[in-house]
Each structure stands twice: as structure tokens, then as C-alpha cells.
Amino acid sequence: MRNREGEGALLSGAVLAGGRSRRMGTDKALLPLRPGDPPLLRVVLEQVAAVVDDITIVASGRPQYAAFGVRVVPDRLEEAGTLGGIATALMTARHDRCLVVACDMPFLNVDLLRWMADQPRDYDVLVPRLPGESRQGSGFVFQTLHAVYGRDCVPAIERRLATGQRQVIGFFEDVRVRTVELDVIEGFDPDQRSFFNANTPEAAREARRLLDGRAAAANTGP
């Protein structure tokens with residue numbers, strides 16, 4: 001966990017690992033991307049732990065996750081999808097703000113996460129957005145599982161879920177949202193790999209290719 005006395009307010013972290021991994025065909029959180037590598041969930045936990053003050057895994061029915069040595073909390077809102085997982089993370093967080101990521105993001109950029117952690121707390125949601133086609137036709141895609149949420153979001157989330165709405169950005173109009181724009185993102189992560197999800201066999205192969213490329217570049221560096 002971070003130990004940077006005097007820098008920013010306390011921040012919780014949560015890794016959502018409650019999905020059924022249907023597209024991967026096996027529990028992706030326990031999958032090492034390459035032989036000898038740690039499980040994907042371990043990689044994500046270590047990256048998040050570098051910038052938060054406490055960390056949890058949000059997952060139901062996964063007793064094997066206890067081996068990772070951090071708190072595991074079950075989804076409090078069953079069958080509520082990602083939005084329910086975010087609400088559970090906020091309900092169980094030890095601090096007012098919580099960085100929420102997915103368990104299948106092997107290329108999280110610690111410097112970008114640290115920048116987000118250190119921003120003034122003048123928001124309820126701090127979320128990166130990238131140019132792209134969205135379901136809403138807005139021309140932007142919000143990276144909702146690479147975001148900091150405040151506990152004050154919980155009532156707004158619960159109201160949405162009570163009406164059967166499970167889309168994460170649906171509650172954004174009810175809270176204060178601050179976006180992290182492309183110029184900031186590219187200052188830390190020019191290739192935007194922070195948002196890569198290794199959630200299918202094809203994506204896992206691509207992640208291995210990228211990791212092998214990094215290793216080769218490191219071995220041939222100056």
C-alpha cells in the first residue's frame with residue numbers, strides 16, 4: 001500500500017472479480033498470461049496497491065481468492081452486474097473515495113492511477129473518457145472500471161437499480177462527474193493500454209504478445 005505522508009486524502013481500492021468469465025472459458029482472474037507469470041488478479045492487485053491505502057476484491061463464491069491476502073467481499077446487490085459491484089465496493093470501502101478497476105486489466109499505469117488518486121476531491125466520479133463510439137452515440141467511451149467513485153454515489157446507484165437500470169453511466173447525471181481527458185491520459189500512457197481487458201482467449205494472446213514485446217525491448221535496450 002502507498003505510504004506517502006502528506007500527499008492527498010486516503011483512498012480505498014477495489015478490484016471487481018465477480019464476473020463469470022464466460023468469454024474466457026475459465027476464471028480469468030486466476031489465469032497467468034504466460035507460463036511462470038503470476039495470476040492476472042495478482043498483477044492487478046499489485047498495481048492498484050501502489051496507489052491506495054486499503055484494497056478489497058469484490059467477488060461472490062470465490063473462496064480461492066483468500067489466497068491473495070486481501071479482503072474479499074461478496075456482492076451485496078446480487079444480479080446487479082458491474083453497477084452492483086461498484087456499489088458494493090463503495091459500501092465496503094474504508095475511505096470516502098474508492099478506485100475501482102476490473103480484474104482483467106494487466107497494463108494498468110501506476111503513474112496515471114497516482115495522478116487520479118491525487119486530484120482534488122471536487123467530484124463524485126473521476127473517470128477517463130476516450131474518443132469512440134458509445135451506445136449513447138456521444139462520441140466518447142467512459143472507462144468506468146478505471147475510475148474513482150465517492151461513497152455519495154451509492155444512493156444514486158441504488159435508485160437506478162431499483163428501476164431496473166444497470167448501465168453504469170446512467171447515474172452520472174445525478175452526481176458530480178469529472179472526466180480525465182485524452183491529453184492527460186496520453187501524457188502517462190500514450191498507447192492507452194491501461195484500458196486493455198484480457199477477457200477473451202484472443203485478448204489474452206494479444207496481452208502475451210505485448211508482454212513479450214516489452215521483455216524483448218528491455219533486453220535489447222541501452
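Just so you know, glycine gets a Cβ as well, placed from its N, Cα and C.
Note that TrEMBL annotation is computational and uncurated.
These features come from TrEMBL:
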type    : residues                                  : note
BINDING : Leu16, Ala17, Gly18, Lys28, Asp75, Asp104 : GTP binding site
BINDING : Asp104                                    : Mg(2+) binding site
DOMAIN  : 13-169                                    : domain 'MobA-like NTP transferase'
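Structural mapping of features recorded in TrEMBL.
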residue : record           : CB count, 10 Å
Leu16   : GTP binding site : 24
Ala17   : GTP binding site : 26
Gly18   : GTP binding site : 22
Lys28   : GTP binding site : 26
Asp75   : GTP binding site : 19
Asp104  : GTP binding site : 27
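Classification of Leu16 (GTP binding site) by DSSP places it within a strand. Mean pLDDT of the predicted structure over the domain 'MobA-like NTP transferase' (13-169): 92.
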